[in-house]
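S.K.: Starting off with a structure, shown below.
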Amino acid sequence: MLDPHILRSRPKDVSDMLQARNVDFDLDALLDADERRRYFMQLADDMRQERNFAGRQVAQFKRDGVDTTAAIKEMKDLSEKLYQAEGEQQSAESEYLELAWTIPNMIDKSVPRGPDETANVVLRKWVGTPTPSVPKGHEELAVGRGLLDMKRAAKVSGARFYYLKGSLVRLNQALISHSLDFLGSRGYTLVQPPYLIRRNAMEGAIIAEDFEDVIYKIEDDDLYLIGTSEHAMAAMHSDEIIEGGLPLRYAGVSPCFRKEAGAHGKDQKGIFRVHQFDKIEQFVFSKPEDSWREHDRMLEITEEFYQGLGIPYRVVLLSSGDMGKVSAKTYDIECWMAAQDAYREVVSCSNCLDFQSRRLKVRFRDRTDEDTQYVHTLNSTLAATSRLLACIIENFQEADGTIRVPQPLQKYVGKEAI
């Protein structure tokens, strides 16, 4: 949710943001609702004071033996007008909130403007391990080796599900264990969140229309399967005042469940885009003045992780038309998929400023005598394991079908190759 002060004082900037994001939004209706709710709020306050004064006057008249007929009528008239003003205020407030909860976040000045991914900017590349000259696709190789079964998973659960088998299970668990050790050694608190989340918590972390077709709802219950631990961690401190101690750096580990409703025809083979996967997510609650440093820090840590694995990647700054609505700035890390001869997105690293914290009411203060402020929230993937498994299989395969295990994972897998 945007700071109301920004809406009132910088409507041109807000309009420019909507245009840059290609979002169809009735800004005039939001501003009108805001003006009406504030007008009727003030009117109701004034009438409340007048009614209270009239009530005291009636009481005084009774004590003095003065006729109270006119004063009582005036008090009743004021009560009726107050009731009408409060109704108008509530109506305008509802209209305002309905719109305010759907407007996207402001965009940082450093974000390139453009309609879609064609305006994204590649910032740098890291070469990593030499890739095979004639690689097999990860599904072909893993299925052929008996490490992956897509056919039986489709029979049991439908498309975009899979069975991991044998050493690929150990490699998946190795990615989880290494990720947690990696972040834990860098000051992150490990968190295993609930895998189900209420709608109000979900709406605090993400705009409703962006998750309705993405995540699974539990029928006849106010619960959703999480699409990422980010949402559960964002809501963890909802309706709280954090007393000092910022930043809070969390490393969330969880399965993730996604409908992938908009992915028809994309990545139909393999495990790059699936309905269920494990993910380790970074989430930070920061002071406003520190959030951009925290954003850079998260990206640096994530790059260090991929360099340690030896996976080739590039860092991409997303354009205004390609980034998520809650983010003010997003970097993607795209890893090289040797068999696809292409870079594919595996990491999204975003600064959401105070957009989520206003929705979730997460504030902080350093001293008890200070006013509270909204925290800034940041998030970044560290490892979505199904995508990393695909990257490792395609980039670390030998001609005989052997898959080399990246050095940091060998102690968890117990071997150098599978």
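The backbone N, Cα and C atoms fix where each Cβ goes, and this holds for glycine too.
Here's the feature list from Swiss-Prot:
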type	residues	note
BINDING	Thr228, Ser229, Glu230, Glu281, Thr381	L-serine binding site
BINDING	Arg258, Lys259, Glu260, Val274, Glu345, Val346, Val347, Ser348	ATP binding site
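What's the neighbourhood like for these features in this structure?
M.R.: Residues near Thr381 (L-serine binding site) in space but far in sequence (CB under 8 A, at least 6 apart, same chain), listed by position: Lys279, Ile280, Glu281, Gln282, Thr302, Val346, Val347, Ser348, Cys349.
When Cβ atoms from all protein chains are considered, those within 10 Å of Glu345 (ATP binding site) total 16, not counting its own.
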S.K.: Suppose the L-serine site is Thr228, Ser229, Glu230, Glu281, Thr381. Which further residues of the same chain have a Cβ inside 8 angstroms of that site's Cβ centroid?
M.R.: His231, Met233, Gly252, Ser254, Cys256, Lys279, Ile280, Gln282, Phe283, Asn379
S.K.: Sort Val274 (ATP binding site) into helix, strand or coil using the DSSP assignment.
M.R.: coil
S.K.: When the Cα of Thr228 (L-serine binding site) is compared with the Cα of each of the binding-site residues Arg258, Lys259, Glu260, Glu345, which one is closest?
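M.R.: In terms of Cα distance, Thr228 (L-serine binding site) lies closest to Arg258.
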S.K.: Run through the Cβ atoms and count how many others sit within 10 Å of the one on Arg258 (ATP binding site).
M.R.: 20
S.K.: Which secondary structure state does DSSP assign to Glu345 (ATP binding site), in the simple three-class scheme?
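M.R.: Assignment for Glu345 (ATP binding site) reads strand.
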